[in-house]
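Enquirer: As annotated in Swiss-Prot:
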{"type": "REGION", "residues": "1-83", "note": "region 'Domain I, interacts with DnaA modulators'"}
{"type": "REGION", "residues": "83-119", "note": "region 'Domain II'"}
{"type": "REGION", "residues": "120-336", "note": "region 'Domain III, AAA+ region'"}
{"type": "BINDING", "residues": "G164, G166, K167, T168", "note": "ATP binding site"}
{"type": "REGION", "residues": "337-456", "note": "region 'Domain IV, binds dsDNA'"}
Amino acid sequence: MTASLWQQCLNRLQDELPSAEFSMWIRPLQAELSDNTLTLYAPNRFVLDWVRDKYLIRVNGIINELCGVDGPTLRFDIGNRPHPVAIARAPARGAAPVNNLQKSWESKADAKPEPNHKSNTNVNYTFENFVEGKSNQLARAAARQVADNPGGAYNPLFLYGGTGLGKTHLLHAVGNAIKERKKDAKVIYMHSERFVQDMVKALQNNAIEEFKRYYRSVDALLIDDIQFFANKERSQEEFFHTFNALLEGNQQIILTSDRYPKEINGVEDRLKSRFGWGLTVAIEPPELETRVAILMRKADENQIHLPDEVAFFIAKRLRSNVRELEGALNRVIANANFTGRAINIDFVREALRDLLALQEKLVTIDNIQKTVAEYYKIKLADLLSKRRSRSVARPRQLAMALAKELTNHSLPEIGDAFGGREHTTVLHACRKIEQLKEESHDIKEDYSNLIRTLSS
């Protein structure tokens, strides 16, 4: 009964949730039915709290649909069912029970660390000073779990997204958290080009065996911008074997890229396939509230009072990435220090006038319409027409939502630009896209791709 009921729940959840979300939160759960109580076991407190907070109502609803009023009561606990049941239809390749991997990793604590391994993570990047929002919530949660259970939670963890969105911050945060938990952990952070350089140097010095031993004896290997392996066949060959060795040893691998693994050109298919063995999570451009929070956090760190209206003014006009936001605020702070003037909207307009002018020039409604039409391979005239077929209506709604997000035009102005539509039509389109971004991985991916294109 347990296997049958929970398997049906799993099948429903796998159909309804994005694959990354399902793999991260639902797949690790184990189920046990006793005395008309269905107990779901989570591997740790973090997962338990998240699942109970985010999925309790959804799972209860599925159970009620399947069993009616006589369905079992749902409860949560931490631990492992003695005989795990009910796996998802397509379990992650290479996955193993979390508790076994955790014990394996922790058993290395008594091993004498090799003296030539020196952690090079930046201690200034932590989970505590990473500003969380809807755009990066899943990535941060995955990174946090990996830090708590290296080699066991998600291996490899693959984070992808545009420049300046926080991927590197999370890499360092994981490394620092692992080191804090296990002082002698061998954690190596590097850019992919450094791996290539080290390998070339090892080949030149006839020291390839030392190179292999070094990289295959770490507890956690954190590699940034893996797309730079493209067209470097010898480096890919060596990393392929290093990857396999680390995975077999339950040693953690975290990779980042500016694009989804399968979209990385010039990288062998066997590597791209392995990149997806664990968990792949996107980091999206930050939404308005997160951009404001980032600015306020940065101002606090610099002991600068940033009025709310100023933070919103900057955040509404600079949308592409965190690095751009922080750079703009640094310029505002520097100008305020040099001139002794108060930070207000007029002052910010002056301090950032070239940056704001460039942003407004880059992102126009006309530019958005052309970009969306090209992205979906439809005619611009159709996008602006009265046609209601889904192949045209959905891109039109996306374009309207992007215009509201990326420009300072009012809803009536946006409606006029889309063939004289009412502002209520634009508002409906924006709300519909927000809903679809929660429900459809494809829509969420398209929206993020378009924002990256328009903001680059």
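Glycine residues also receive a Cβ, built from the backbone N, Cα and C atoms like all the rest.
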Enquirer: In the same chain, outside G164, G166, K167, T168, whose C-beta lies within 8 angstroms of the Cβ mean position for the ATP site?
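Expert: Surrounding the site, in chain order, are G161, T163, L165, H169, L170, T256, I283, N321, V322, R323.
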Enquirer: Once near-sequence residues are set aside, which residues in the chain of G166 (ATP binding site), 6 or more away, have Cβ atoms under 8 Å from its Cβ?
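Expert: G166 (ATP binding site) has long-range Cβ partners F130, N136, A139, I283, V322.
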Enquirer: Helix, strand or coil for G164 (ATP binding site)? Use DSSP.
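Expert: SS state of G164 (ATP binding site) = coil.
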Enquirer: So how many of the residues in the region 'Domain IV, binds dsDNA' (337-456) end up helix, strand or coil by DSSP?
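Expert: The composition, in the requested order, is 93 helix, 0 strand, 27 coil.
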Enquirer: Counting by DSSP, what is the helix, strand and coil composition of the region 'Domain I, interacts with DnaA modulators' (1-83)?
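Expert: Helix/strand/coil tally for the region 'Domain I, interacts with DnaA modulators' (1-83): 49 helix, 17 strand, 17 coil.
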Enquirer: Identify, in sequence order, the residues in the chain of G164 (ATP binding site) that are 6 or more apart from it along the sequence and have a CB within less than 8 Å of its CB; answer 'none' if there are none.
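Expert: Residues satisfying the criterion: S320, N321, V322, R323, E324.
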Enquirer: Among all protein chains shown, how many Cβ atoms are found within 10 Å of the Cβ of K167 (ATP binding site), not counting that one?
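Expert: The Cβ of K167 (ATP binding site) has 24 Cβ neighbours within 10 Å.
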